[in-house]
Amino acid sequence: MAENIYSKGTRVWFEDKEHAWISAEVTSVTKGNDDAIKLVFIDDRGKEIVINTTAKDIRDGKEGLPPLRNPPLLETADDLATLSHLNEPSVLHTIRNRYGQHSIYTYSGIVLIAVNPFQRVTLYGPEVIQAYSGRKRGELEPHLFAIAEDAYTAMAKEGMGQTIIVSGESGAGKTESAKFIMRYIASVNPPGSTTKSRTKFSLDESSEIERQILATNPILESFGNAKTTRNDNSSRFGKYIQILFDGKPEIVGARIRTYLLERSRIVFQPTTERNYHIFYQLCAGAPLKERKDLGLDTDVTKFHYLRQGGSTSTPIVGVDDAEEFRATQQALSTVGISVEKQWAVFRLLAALLHLGNVKITPTRSECSIDEEDPALILATRFLGINLAEFKKWTVKKQIITRSEKIVTSLNAGQATVVRDSVAKFVYACLFEWLVAIVNESLAGEHGDAAERAEMFIGVLDIYGFEHFQKNSFEQFSINYANEKLQQEFNSHVFKLEQEEYMKEQINWTFIDFSDNQPCIDVIEGKLGVLALLDEESRLPSGSDASFLQKLNTQLLKPANKNVFKKPRFGNSSFTIAHYALDVTYEVDCFLEKNRDTVPDEHMTLIAATKNPFLKEVLDAALGSVKAIDAPHPGSPSPSDSGSGGSRRSSLIPDPGRTALVVSSTASKSKKPGAAIRKPTQGSIFKASLNALMDTLSITNVHYIRCIKPNEAKKPWEFTPSQVLGQLRACGVLETIRISCAGYPSRWTYEEFAERYYMLVPSSDWQPMIQRLELQPLCSLILERTINDPDKYQSGLTKMFFRAGMLAALESLRSERLNALATIIQKNMRRRMAVKNYIELRAATIRIQTWWRAIMAKRLVESMRKDHAAKLLQKQIRCFMQRSLFLQIRQSVTMLQSRLRGVQARRVYKESRFLHATVLLQSLFRGILYRRIYRGDVRHVIYLQSCVRRRLAKKQLKLLKAEARSVSKFKEISYRLENKVVELTQTLQKRTEEKKTLQSQLAELEQQIQQWTSKHEEADTKVKSLQTALQTAEAELSRRDELLKAKADVERRLEDATAKAAEKEATIQKLMDEITAQAAQLQSQEKAFANGPLRNTEDVSVIATLKNEVSSLREQLNRANAYNALTRGVRDPPSSPTFAPALRSEANQSHGATLALPLANSRHQRRHSSAGVLLNPAEYRTSSDELMLDVKKSQALSHRAASVAFDGDDSLRVRTNGLADVRSYDDVGEEKIRLMQDIKRLDEDVLTGLIRGLKIPAPSTTNLAAMKEILFPANLISLITNEMWKYGLIAESERFLANVMETIQAHVMSFSGEDAIVPGIFWLSNVHEMFSFICVAESDMLQGIGPGEENAIREFDWNDYERLVTVVKHDLGSLEYNIYHTWMQETKKRLGKMVIPALIESQSLPGFTTSDGGGRLFNRLLNSNSQPAYSMDDILNILNKVWKSLKSYYTEESVIQQVFTELLKLIGVTSFNDLLMRRNFSSWKRAMQIQYNITRLHEWCKSHDMPEGTLHLEHLQQAIKLLQLKKATPADIEIIYDVCWMLSPMQIQRMCTNYYVAEYESPISPEILRVVASRVQANDRNDHLLLSPETEDVSPFEPPYPREVSGLETYVPAYLNVSHLRRLAALVA
């Protein structure tokens, strides 16, 4: 095994100063005497490196040997724990490769490593949240959301608190990561919630508390973040956010704890750095009035506290401080801080800025402050304190002894420190108040979030390990916190390792890991750094030098020699060996920063402030904090009583809060007479950190380590040495070291046997596999390969290996496969050589034949060349002579052409003169002949008039004979009446148009007068003010435009007036004609009255004419119905109910449109034979007319009957002129009795016709007749029509309400696939009913009502109008709801099938693959488990929907809507899933998916929907990408050309996730970097995932109403509805 580790060709790593680690390759291995081995390496720079070692050292893994490099397949692994060689350079190289591929997240066991891209990446949208929601960690690419989902799932499953620790140095992206985690947690719905999706796609779907949690980010960033040299948005404090959940689990509240705010930044900022963001936002975003009141300015260099960073520090590139200020204000409002309170906060901030501008003038030994200093005046006024007192105690101090008070003066430096301490104290109190207010708003609606909460998820955004050239108290505190967290991290990792070993019951020894407890003891021990610092801080004469001396005295002991060190040079620093590296701290200002207190005089002055808000801030910050020494209430001991309160506090521990002063409870516990000690910053931080560690100890912790890849903050640049230092500092390498100390590699028995079965003969492994003896097979493989029990362990379900063992096994496997491949190659080469010899011999004979033929051809070719040369000479001589001849002939021809041209022009001039003469003659002769022709025409017309007069007299005699018939008289009278009505309405319309135009003209004239006056004023201003010349010219131009408009309007008015006059003349002419014809008709009627009685032939003629008139009117009604039906577009209705609100709304809205002249007259109760009383054009829009023209031919082709047509109309007419009244009344009375029997009618319709209906099975081969499908709608419409005929308006309203409610409840009772058939069936029937109501509405608009003369009650036209309007609206609502119901169930069912059927199923034989192994067992045992669904299931659903839509006569537009939405669901869901999968997307898998897509394409083409495949185009191109070659940059260009629909980010993700087959070369990191370089920064069109298709249904676009040619009375025989059957028979 030792010889196999460093064999020739093995790649290793060597340390390098520039690149941290550099790769090298073994070129030779030389074995010497005494087990000595000489290894020769060549690195990437060509340098040769020689190492002499022994086989024993290689076996033992002696230090000094170069670490091994992983195979290319693993160099981009998304989990560092899966690397064969788990060492420092391999970890660094893997992270670097993934970062180069724009994959910023990598797992390292339980840790997620996040490398800052320094660029906006589209990895956090709602579609990505939905993709990770409900998925286990490891199923998708590493991501923050996977950690958040893991924590959320663990909390919901185990009921245990979770903590996500986000750490890293400044600029590594901790704050952004924490924000995205909080956004994810607030966006995910509980698993058992009734909502349709597990994620919320907008803030509108989030609760108030969730919005408030997200609003805390901009608030804390504004007040606690600042720009530093390393980060433009660096958090200058640590925070722990607890998101509280109840038992469901749903968010009920949250609370925030902050740690170690950097107070010194208020008064000092290094070069290129800024103060806290809120100051710059206030100066840039405050309105002008408020900015003036606060004495602020947009120029921040006027304030001392804001200009110390220099001119380059602000503004931040890409950040608008004014816009950020508005966002901060909105966030403050969201958490419940009023606008008045916000401006009180801003006033306090302005006071601090002015306080920094207070000028302290130094003198010889003292200093002074000018009382007239405007900054001092504004600062004291805003703070509400006495100016004189503040000035006095800023330049002086008071020392209190037992007998007296001594006041001494301060120099300028000491006074500046006092002034700055006040500013720091006030800002720290303001920050604490802000956090307290935020916590109060996050405590729930009634402040009971902590009581209601049963579990929580905490997000700890903590500062990472820091090491600068000069390290002070802040770095010491930060590193102390990281020491505590690292100890917790190490113990957590160690605990998980041990639990895994115990679970698998393997033999293991205690893993020794580097415990940093000695370092923590040095810092927080009884005589540690913090204790000595507090002791020195309480001494009046304490100094930094004496503190350092105490440190050296107490800690420079042999027990601490590895932790506490004294630097070789300098006497002002000390060194502590932290877990990451040794850090040297300068003790300068240690005591001052630890004390950080305000003089008592200033404390008294501030406490007596007149500013009520400042008093509130001080009370909140100083009065409500906990004492440092008080016991921690959030972590009771296990022996506490089980009361509800104690249980709740133990479930949700309080992570602690900083304390600014000691509380009253703590002071009471002191001995009488003892001095009250002020808490120091070190003690405050220690107490809060201990409380935090107590919280972490009882939660399940998840770790995210943020890495800063380069110092210059350049996107996608990687500095290896800097990243390596951060990996050491964040403890990732320590985790790897702990893992390597045990058994880092773990494989299940099935995976191990699948991978390494070929290391033993087939006679051994084949029977074991068939008997499923996997554990003995694995043991046999290891005995014959490793043969060292210490290198591996066998557990219950897994095999455990020491570090490097898998690499050795991989080497043996490669050798074995190479040996087997060599045997195959040997036999293949022998066969190929024999075949090559036979082919070579045949080719030789063929070549000889060819060469002989070539020689003969050459001889013939030479002979041809001689002959051709002679022929060529002859032709050239001929050509030269002919050229000379042609030149001479051309000259002669040119001379002839000139002479002929002169002659031709002369002839042309003569012919032109002759043509003009002839033309004059022809014109004169034409005049003579036209005169003769006109005379002949007059004579012919005279003869024709005589003949026609004679014929007219004969026709007049015939007309007089016809006029005696009643039918002709009525027809002429009816036509004249209609013509009069039409002409009257046309006249009214023209009159109204004239009035409208006159009113418009008046308005325009008024506007012209106004603009004329404005123009005159402008002229006056031009004369008086020369500077307004341009404005006046603009006014003049506008006046000209208005004058032009006036002229245009006048012209239009004249045209309209002329048209109106023409119409009036036409009307008058027609009126005269009507008058004359009316007089003629009267005379004819008198003659008819005196004439003989009509005979039977006249009666038959009259009946025939009546039928024709009725038919023509019905066609006119149908045309008007189509005009009314197509008017407007319906909005998605709310619900199909007869709610009173809908009735009133419909009545009001419809009543306005029906305010017609007929409102005062009685509506005529007639059927289709009635005349048209209203002009349909008045109810028609332009779109209605267009639709009417389109439908006109279809409407006239049918003999359509009106909806209100009474089939008994023919029964009224008898030959003797009398009606059989008794028989008719009996039928009508029976109809009324049947319709008034509500119980029987409801039982038959609601129960028998709707609930108990046996829906015909859908079939496209044996299509049912339309009446067999739409009979429910016809019968319901028939009953409604009969009720309206007999005046039963109220009964019909109740009947229709019950019908619609029953239909909706019946359809909604079905779920899953069962909802398809009833949903489509009733959708078609409801649309038929809707069409009937639309026709009734059209008749109603024409004044045609369904009333009957012998109705049981008087017909109320107003109720009828209201009812038709409301029923139409509610039927539209019912149609909308039915469509959404069955489509939602279908999408739910189809959504479950898409991924297993389209992505996971493998129907194509010969290309079967699997995820991560199992191929051998599938082949031998034939136990390939299929997914839950296959493509047949999807096609069955599509076929079922298609058959139902076609069988039930659904419109084509509805079919298009349905399949567009279903195919879009399939395409988007499958594409997003494929894009996010790991270890899945191989070329074999692409073949399987391609086959499945082809089946969908064939289905679409066979059903005449080729456009449906467009929704699968993204998936189709993704499949092409997987199958295309990806070896060179040219291949990548081809991919971008072929996959033109995919975005660069999608192509990059597909290439990164490509799963390499067994013998396939992996995609090189260089090619992946080329792909990643195509992704453009901040490209809004470059999305990773498509917009996800949810279970919500797109808005339903209802089709046009159908043509209702009549109401069928068909009732199926199987229906037990005797009551309804009798009613239908009577109507028929």
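Quick reminder: no glycine exception, Cβ is built from N, Cα and C everywhere.
As recorded in TrEMBL, the features of this protein are as follows:
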- G168, E169, S170, G171, A172, G173, K174, T175: ATP binding site (BINDING)
- 980-1122: coiled coil (COILED)
- 637-650: compositional bias 'Low complexity' (COMPBIAS)
- 7-61: domain 'Myosin N-terminal SH3-like' (DOMAIN)
- 75-814: domain 'Myosin motor' (DOMAIN)
- 1297-1577: domain 'Dilute' (DOMAIN)
- 628-655: region 'Disordered' (REGION)
- 689-711: region 'Actin-binding' (REGION)
Reported mean pLDDT - the region 'Actin-binding' (689-711): 87
G168, G171, G173 as binding-site residues, winner by CB count within 10 A: G168
Listed in sequence order, residues with CB under 8 A of A172 (ATP binding site) and six or more positions away: A114, N116, G464, C706, I707, K708, Q726
Helix-strand-coil residue split for the domain 'Myosin N-terminal SH3-like' (7-61), DSSP-based: 6 helix, 33 strand, 16 coil
Residues close to ATP site centre defined by G168, E169, S170, G171, A172, G173, K174, T175, Cβ within 8 Å: N116, N231, S234, S235, G464, C706, K708
Binding-site residues compared (S170, T175) - the one with the fewest other Cβ atoms within 10 Å: S170
Helix, strand and coil totals (DSSP H, G, I; E, B; other) for the region 'Actin-binding' (689-711): 9 helix, 8 strand, 6 coil
Surrounding CB atoms that lie within 10 Å of the CB of E169 (ATP binding site), all protein chains: 23
Residues that sit under 8 angstroms from K174 (ATP binding site) by C-beta distance, when 6+ apart in the chain: V166, S167, G168, S235, D461, I462, Y463, G464, C706
